[in-house]
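The Ca(2+) binding site annotation in Swiss-Prot covers Asp53, Asp55, Asp57, Lys59, Glu64. Look at Swiss-Prot and you will find 285-392 tagged as coiled coil, backed by sequence analysis. What Swiss-Prot lists as domain 'EH 1' is 8-98, and the listing cites sequence analysis. Annotation source Swiss-Prot lists domain 'EF-hand' at 40-75, citing sequence analysis. The domain 'EH 2' annotation in Swiss-Prot covers 142-231. Look at Swiss-Prot and you will find 231-251 tagged as region 'Disordered'.
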Amino acid sequence: MPRLEDWEIKKYWEIFQGLNPVDNKITGDKASTVLKNSRLKDDQLSQIWDLSDIDSDGKLDFEEFCITMRLIFDLVNGNQQSLPSELPSWLVPASKAHLIQANMAVTTGSNNYQTNNNTITDDDDEDESLSDDFDWYISPTDKSIYETIYDSNSDSYGRVKFDSLTGLYQTLSKVPRSDISSAWNLVNPKSFEAIDKDQVLVFLHILNQRENGKRIPRYVPASLRATFSKDTPSYDLNQAPSKPINSAPVNNKNSFANSYLNKIGHANNATNEKGTDFSATEGTDWEEVRLRRELANLEDLLSKASQKDHTSNKSDDSESAMIKYEYEQLLKYKTNILSELESGSNHNNSKDLGDAKNDIELIENQVTILEEFLNERQNELNKTNEEIRALRT
């Protein structure tokens with residue numbers, strides 16, 4: 001059975017957007033229109049929903065919606081005479097492979113999950129032999145190892161998917177697959193398809209600690225939890241990593257991933273990703289929607305800055321006025337870029353879109369600086385007025 005083609009994913013994306021998803025998910029009521037139009041039997045539709053709703057949250061995200069549509073079309077077009085009892089590996093999204101494995105472990109009592117005829121067998125987790133003194137501190141040596149693994153597996157956006165580290169998992173003789181999934185879920189509470197650099201470093205550190213006989217904790221420190229629970233991953237590779245929780249050094253763990261690092265050498269990835277790649281939607285309508293929202297937020301920031309300036313009872317000096325003028329001109333330029341993008345002239349120019357997004361982030365940072373500058377001037381004015389009133393009394 002062929003994998004999902006790019007044109008097929010884009011077509012499903014148009015249908016998905018037409019159902020007005022909330023938080024990138026649609027409910028059963030919204031999906032029922034599409035499901036019932038297929039004229040399949042109710043028991044078949046129910047089975048399709050059960051197969052597609054991998055995370056069992058009663059809603060379908062875009063990846064799960066693609067699964068639903070493909071299963072429906074295979075039945076309607078006669079490509080399949082009946083529904084499979086479980087999803088084929090080529091239809092399992094890479095971001096949800098660990099959920100499939102966990103479900104199989106619950107129903108079969110086994111942590112074995114086979115993808116593309118490659119089987120990873122989990123060893124028994126001997127809880128009595130594990131220690132509870134888990135150490136969140138990442139030493140410089142370990143950090144260097146983690147960053148090497150990250151650089152070898154991250155995509156062009158600085159993200160790493162769960163299955164892209166399969167080669168590493170195979171070298172961890174003391175870490176069962178269930179603990180690998182637990183560590184991934186700890187650093188990825190929002191269940192994103194991929195995680196950013198800070199999350200990858202902590203994820204690898206948890207695996208390192210587990211390989212050295214430390215029990216994986218059930219919770220992460222509050223500072224890390226706030227970072228990992230953000231709504232949108234940060235792909236800024238220049239951002240400083242999270243500060244260590246304590247200063248205790250980690251004992252000799254330099255052997256972590258040595259065989260894996262030797263194996264990958266200078267290669268970009270240890271293994272090919274498993275499952276369907278849904279990245280075809282990047283650079284299409286969804287990117288335009290994001291850019292449009294960013295421009296709207298930028299306009300709002302400029303409007304607020306202008307209002308604060310108007311009520312400050314004093315005009316900007318020449319420097320701040322010039323900065324504001326430059327921002328407005330740059331905003332106008334980026335708005336024109338968006339218009340061209342929507343008209344189709346720049347639809348396939350992902351480089352220009354990336355430059356526009358970077359420029360928008362720069363403008364937002366500069367607007368923040370301008371607001372802080374205006375606030376400082378306002379505070380100085382208020383302080384001066386208070387001193388004048390004090391002298392008069």
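Every residue, even glycine, has its Cβ placed from backbone N, Cα and C.
As a summary of secondary structure, the domain 'EF-hand' (40-75) carries 25 helix, 3 strand, 8 coil according to DSSP.
Across the domain 'EH 2' (142-231), the DSSP tally of helix, strand and coil residues reads 53 helix, 5 strand, 32 coil.
When the binding-site residues Asp55, Glu64 are scored by other C-beta atoms within 10 Å, Glu64 scores highest. The average pLDDT computed over the coiled coil (285-392) stands at 74. Each of the binding-site residues Asp53, Asp57 was scored by other CB atoms within 10 A of its CB, and the lowest score goes to Asp57. Each of Lys25, Ser52, Ile54, Ser56, Gly58, Leu60, Asp61 belongs to the same chain as Asp53, Asp55, Asp57, Lys59, Glu64, is absent from that list, and has a C-beta within 8 angstroms of the C-beta centroid marking the Ca(2+) site.
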